[in-house]
Every structure is written in structure tokens, then in C-alpha cells.
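A.B. asks: One structure is given below, represented as C-alpha cells, and several questions about it will come after.
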Amino acid sequence: MKASAVTAALAVGASTVLAAPSIKARDDVTPITVKGNAFFKGDERFYIRGVDYQPGGSSDLADPIADADGCKRDIAKFKELGLNTIRVYSVDNSKNHDECMNALADAGIYLVLDVNTPKYSINRAKPKESYNDVYLQYIFATVDAFAGYKNTLAFFSGNEVINDGPSSSAAPYVKAVTRDLRQYIRSRKYREIPVGYSAADIDTNRLQMAQYMNCGSDDERSDFFAFNDYSWCDPSSFKTSGWDQKVKNFTGYGLPLFLSEYGCNTNKRQFQEVSSLYSTDMTGVYSGGLVYEYSQEASNYGLVEISGNNVKELPDFDALKTAFEKTSNPSGDGNYNKTGGANPCPAKDAPNWDVDNDALPAIPEPAKKYMTEGAGKGPGFAGPGSQDRGTQSTATAEPGSGSATGSSSSGTSTSSKGAAAGLTVPSLTMAPVVVGAVTLLSTVFGAGLVLL
């Protein structure tokens with residue numbers, strides 16, 4: 001089907017949706033909000049204690065939130081671990097998720113959700129082509145499917161799209177997607193659900209990417225920043241791992257920061273890093289993290305092994321459970337940065353950071369209607385994909401263009417008027433970097449993550 005036909009079909013679908021879909025969600029859940037550089041549950045500081053959850057990995061891509069029986073089976077294990085959050089990398093936005101999301105809510109568990117799938121994502125080798133209206137329709141439909149649940153903690157706009165110096169040229173498109181998601185949430189009059197990015201932990205541009213996602217006008221800035229970190233390999237320590245330097249370098253950062261993946265498996269995992277992550281050594285800067293990963297897949301990071309309805313606990317399960325049981329959150333507010341705020345945009349430093357100005361691509365023209373009409377029904381996993389389909393952006397966005405359409409609601413929980421302190425960009429030898437636990441469907445697909 002030609003791109004023009006796809007666009008026309010989407011327009012027909014969108015025109016029939018004048019309001020957000022009705023979702024039977026729990027009303028007695030306290031949503032997570034952003035204050036300064038921290039998350040809060042009401043007036044109490046919220047630290048993410050979670051795992052990454054995508055049973056089946058790359059060999060059998062499935063939506064675990066649409067699998068009510070499997071979800072309830074695994075919630076029992078989540079509760080045993082003492083979790084309050086799970087991350088899911090791919091969901092089918094054509095399916096119903098009420099039963100699992102409500103069961104998670106009953107267990108006090110929140111969801112951090114990646115909006116992308118392997119077929120609907122930004123291609124780091126062709127970011128301009130893959131940032132199109134067909135792609136945006138898919139991820140907006142995913143927002144529609146989950147925004148009604150109060151235990152939807154946050155959305156990830158991408159995962160490790162930038163994984164080296166040359167791929168940093170895709171950063172404006174990652175930031176544009178983040179902007180568009182935030183604008184869609186506000187324009188559709190959903191509650192303020194944080195949107196951020198999950199970065200690769202690479203010395204070449206980790207700090208620059210963090211700075212970039214928190215610079216510019218409020219409508220362009222992210223609500224949080226996260227990165228995947230496998231640099232603490234037991235036996236280790238706060239200093240030996242280099243985590244002390246990362247805390248130093250991120251001190252003064254104006255957004256909530258957390259680990260979207262952690263848990264090096266080079267040696268026997270004891271999860272010694274848990275005691276540091278939830279201590280005052282780090283809580284002024286970090287808001288917890290997500291252990292990779294719940295189910296045993298080919299990369300051998302699993303806490304449990306799933307076979308049908310049976311779940312077998314592996315040694316790492318007990319190790320993590322013990323680490324969490326021994327580690328409580330700090331009392332009070334954890335010395336968070338109450339001011340928050342924007343920082344200056346990073347200067348171009350090719351080949352490590354190949355972004356030469358602050359300009360972002362404008363939202364593709366056919367996608368603008370979704371802000372007022374809604375995205376329509378999501379195509380789900382069966383959809384044809386968006387990598388080379390749809391209409392691309394043809395203009396540069398003006399500052400403020402990501403403000404809500406037909407709404408005066410605030411675009412962020414923090415303000416650039418209170419500028420964050422400057423971050424310290426480390427030398428490339430700051431700390432060892434261990435190869436992460438995830439691979440992509442293709443070496444060029446950034447956001448479409450497939451777990452192994």
C-alpha cells in the first residue's frame with residue numbers, strides 16, 4: 001500500500017475518534033508526578049524498584065500486558081521481590097489491557113512503557129525517513145491505550161537509538177518524538193504522564209544526550225532521563241564501578257534520572273549495587289532503577305524461568321530479593337534537587353556529538369490532526385510497520401511549537417526559568433563500560449528493541 005493510501009486510511013480512522021477511549025481503570029491509584037529532579041507519589045518521594053519485563057524476548061515477541069493469566073502469574077513474583085514498577089518494551093496497541101493493568105494496580109505496581117515496537121520505531125540510519133505520520137499514529141495510539149490507567153508511570157520515547165558518536169545525528173528526531181508525545185498527552189487532555197528517553201551508557205555522549213534532552217524551550221524538554229548501565233559487576237563498590245563519578249557528573253541535573261536497565265552478569269550477580277542506588281550517596285541525583293530482566297532469555301539475565309504456567313525461581317531471584325529486603329529507601333526527600341530546570345544545549349563535538357544546532361524537525365503535516373482528533377485505532381503487532389511509509393517532516397520547528405493544541409495546560413512539571421547547574425562532561429576514560437544485555441532487531445533500528 002502506498003504511503004498516501006495509508007495516510008488516507010489513518011485519517012478516516014482518526015476522524016471517528018473525537019475523545020479518548022473509555023478505559024475501565026482503577027480510580028484509587030495515586031499517579032506518580034515530577035517535582036524538581038525526583039518522582040513523587042503524592043507528597044512522598046518515589047523511588048523506582050523494578051524489573052524489565054518482556055517474556056519471550058526476540059524469539060517470541062508478545063504483549064505481556066495483554067496476557068492477563070501470565071500477568072497475574074508473574075505479579076505474585078513481583079510482590080515477592082517487593083517491586084513497585086515494571087518496564088515493558090513492546091505492547092500491542094490493538095488489544096485490551098484492563099485486566100493486567102488493574103491487577104498491577106491492586107498490587108501497587110506501576111508501568112514504565114516503551115511506545116515503540118520493532119516495526120514502529122526511529123531507524124538510527126534513516127531517522128528523517130522513519131520520523132513520519134504513520135509512525136506517530138502508532139505511538140499516539142499506544143498512549144491512548146494506556147493513558148487512562150493511573151498506574152502508567154511514564155512513557156519511553158526511545159531506547160538506545162544513539163549508541164555511538166555517528167548515530168548522535170539522530171538525536172533531533174528522538175527529541176522531536178519526545179516533544180510530540182508530550183504535546184499529544186496535553187492536547188488530548190490526559191493527566192500529565194512523564195515522557196523521557198532510555199539512553200545507552202556510552203562515554204562518548206552519555207552526558208551530552210542528557211543535556212540535550214533537557215535544553216531548549218519547555219515544550220521541547222523531556223520530563224526525565226534514564227540510561228542502561230552495566231558498569232557495576234559484582235564484586236564491586238560505589239567507587240570501583242565508577243558510579244561515584246556518574247553521580248558527580250549528574251549532580252545539578254534538572255530532571256529525574258534513573259537506571260532503565262542494570263545488573264551486570266559477567267560474574268555471579270549479588271546485586272550489591274542496590275545498597276548504593278537507594279542510599280543518600282545517590283538519591284540526590286538518582287530515583288532508583290530497573291533490573292534486567294525478569295524472564296530467562298538467550299542472554300542469560302533472567303530472574304526466573306517460565307515454562308507454560310510454571311515459573312521457576314533462579315539464583316538471581318533470591319539474590320535480588322535479599323538485596324531489596326536489606327535496603328530501605330532514605331527517610332525524607334533523599335536530598336533531591338527541588339529547583340530542577342533546563343540546562344544549556346551541548347556544543348557540537350564531532351564525531352562524539354554530531355548535532356550542530358538546537359533546531360528540531362517539525363511534526364509531519366498529516367500528523368497534526370491527531371492532536372485534535374485523536375490517533376484512532378492502533379494497528380498492533382500485525383500492522384505493516386512505519387520505517388519507510390508515510391509522510392516525512394519537511395520543516396524546522398519553531399520554539400514553542402510543541403505546546404498543547406487547543407489547551408493552555410502546562411507542558412512540564414519544572415521550568416527552564418530555574419536553570420539547572422552545569423553538568424560535568426567526563427573524559428572518555430571515566431569508567432569501564434560493560435556490554436549491555438540487549439540487542440536490536442537490526443543494527444540500525446534504535447527504538448525497536450528486541451530482548452534476548
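Just so it is clear, glycine is given a Cβ too, placed from its N, Cα and C backbone atoms.
These came from Swiss-Prot, pasted as-is:
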type	residues	note
COMPBIAS	325-340	compositional bias 'Polar residues'
DISULFID	Cys71-Cys100	disulfide bond
DISULFID	Cys215-Cys345	disulfide bond
DISULFID	Cys233-Cys264	disulfide bond
LIPID	Ala419	GPI-like-anchor amidated alanine
SIGNAL	1-19	signal peptide
A.B. asks: Quick one: of the disulfide-bonded residues Cys71, Cys100, Cys233, which has its CA closest to the CA of Cys215 (disulfide bond)?
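C.D. replies: Nearest listed residue in space: Cys233.
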A.B. asks: Rounded to a whole number, how many Å is the Cα of Cys345 (disulfide bond) away from the Cα of Cys71 (disulfide bond)?
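C.D. replies: Between the Cα atoms of Cys345 (disulfide bond) and Cys71 (disulfide bond), the distance comes to 41 Å.
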A.B. asks: Taking the Cβ of Cys215 (disulfide bond) as the centre, how many other Cβ atoms fall within a 10 Å radius?
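C.D. replies: Taking every protein chain into account, the count is 20.
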A.B. asks: Over all shown protein chains, what is the count of other CB atoms within 10 A of the CB belonging to Cys71 (disulfide bond)?
C.D. replies: 22
A.B. asks: Specify the count of other C-beta atoms within 10 Å of the C-beta of Cys100 (disulfide bond).
C.D. replies: 24
A.B. asks: Looking only at the compositional bias 'Polar residues' (325-340), how are its residues distributed among DSSP helix, strand and coil?
C.D. replies: 2 helix, 0 strand, 14 coil
A.B. asks: Which residue among the disulfide-bonded residues Cys233, Cys264, Cys345 has the fewest other Cβ atoms within 10 Å of its Cβ, if you could check?
C.D. replies: Cys345
A.B. asks: Per DSSP, Cys233 (disulfide bond) is which: helix, strand or coil?
C.D. replies: coil
A.B. asks: Quick check for the class: what is the C-alpha distance, in angstrom and rounded, between Cys233 (disulfide bond) and Cys71 (disulfide bond)?
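C.D. replies: Answer for this pair: 30 Å between alpha carbons.
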A.B. asks: Taking just the CA atoms, what is the gap between Cys71 (disulfide bond) and Cys264 (disulfide bond) in Å?
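C.D. replies: The separation of the Cα atoms works out to 26 Å.
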A.B. asks: Please classify the secondary structure at Cys100 (disulfide bond) using three-state DSSP.
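C.D. replies: Once the DSSP labels are grouped into three classes, Cys100 (disulfide bond) ends up as helix.
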